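As written in TrEMBL, here are the features:
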| type | residues | note |
| --- | --- | --- |
| ACT_SITE | Glu164 | active site |
| BINDING | His163, His167, His173 | Zn(2+) binding site |
| DOMAIN | 65-264 | domain 'Peptidase M12A' |
Amino acid sequence: QYKIYYIMQFISNFFCFTYSCIYSFISNTIDDDEFSVSALIEKANANIGMLLMFGDIVVHTGLRNADPCTARDCLWPKSSDGNVYVPYRISNEYSQKERDIIMEGLRSFSRSTCIRFTRRERQRDFLDIQSRSGCYSSVGRRDGGQVLSLQRSGCVYHHVIQHELLHALGFNHEQTRSDRDEHVRIVLENVKCGKEHNFRKIEDSRNLDTPYDYGSLMHYGRYFFSRNGQPTIVPVPDPDVCIGTARQMSPTDILRVNRLYACSTKKFDLLIPQ
């Protein structure tokens with residue numbers, strides 16, 4: 001079980017390193033390409049005029065300085081069959097191709113976790129997937145229909161969809177972890193004026209007894225909200241570690257979903273360490 005996990009991590013890190021080197025050679029400046037999660041989200045959310053924290057998280061009253069998912073009961077309920085059924089509704093404004101991409105993002109969770117996104121019938125709480133301005137979500141379950149925005153132009157990509165769905169399941173960004181200062185350095189002097197709040201640390205974050213994961217889909221790139229083309233997030237002690245280029249959930253992302261929701265299906269055992 002451990003061998004398969006670490007082989008997957010090695011392959012992921014190898015391609016991440018190769019990608020970073022090639023792109024750095026081409027651009028010689030910024031190695032966080034235009035299709036990274038953080039770059040797409042920053043661009044899509046640039047002028048939407050609503051209160052967001054950490055780039056793409058909807059802020060609700062009284063929760064600006066707290067982790068919304070540890071400040072209240074935010075998990076989706078677990079069924080007696082061991083699965084977690086999360087109802088969703090997809091807006092009719094998407095094209096068939098866009099709906100197919102969104103559906104693939106929803107289905108991807110069932111391959112490695114006990115999460116099952118199901119079409120909403122009469123459930124009170126559900127994900128209301130709409131093409132509003134920008135890419136954003138609440139963290140965890142909220143009462144009623146909670147909007148998960150995937151703007152048609154800019155957000156309908158597999159990795160962005162998985163990223164926002166992970167927020168809806170209760171996860172925050174990797175670089176906001178309580179132990180983040182041991183793994184990355186935040187360079188506030190390079191951050192755009194007025195965007196400093198997006199780099200706050202969540203002191204009581206749910207780390208689920210897992211290591212810091214530079215390869216997490218929830219980790220933003222090193223130039224997130226940069227005002228001058230210089231890094232705002234720098235890995236330590238090795239500043240050359242690849243961050244922010246994930247195109248899908250990492251093995252550690254999957255492990256965390258299964259731990260948070262106590263998924264016990266043994267068919268996932270070969271994908272993650274127990």
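Counting begins at 1 with the first residue displayed.
Each Cβ is built from the backbone N, Cα and C atoms, and glycine gets one as well.
Shown here: features listed in TrEMBL, placed on the structure.
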{"residue": "His163", "record": "Zn(2+) binding site", "Cβ contacts under 8 Å, 6 or more apart": "Val37, Ile41, Asp56, Cys135, Leu217, Met218"}
{"residue": "Glu164", "record": "active site", "Cβ contacts under 8 Å, 6 or more apart": "Asp56, Cys135, Tyr136, Ser137, Leu148, Ser149, Leu150, Cys155"}
{"residue": "His167", "record": "Zn(2+) binding site", "Cβ contacts under 8 Å, 6 or more apart": "Asp56, Ile57, Ser137, Ser138, Val139"}
{"residue": "His173", "record": "Zn(2+) binding site", "Cβ contacts under 8 Å, 6 or more apart": "Phe54, Gly55, Met218, His219, Tyr220"}
May I have the list of same-chain residues other than His163, His167, His173 whose Cβ is within 8 Å of the Cβ centroid of the recorded Zn(2+) site, in sequence order?
Val37, Phe54, Asp56, Ile57, Ser137, Glu164, Leu166, Phe171, Asn172, Leu217, Met218
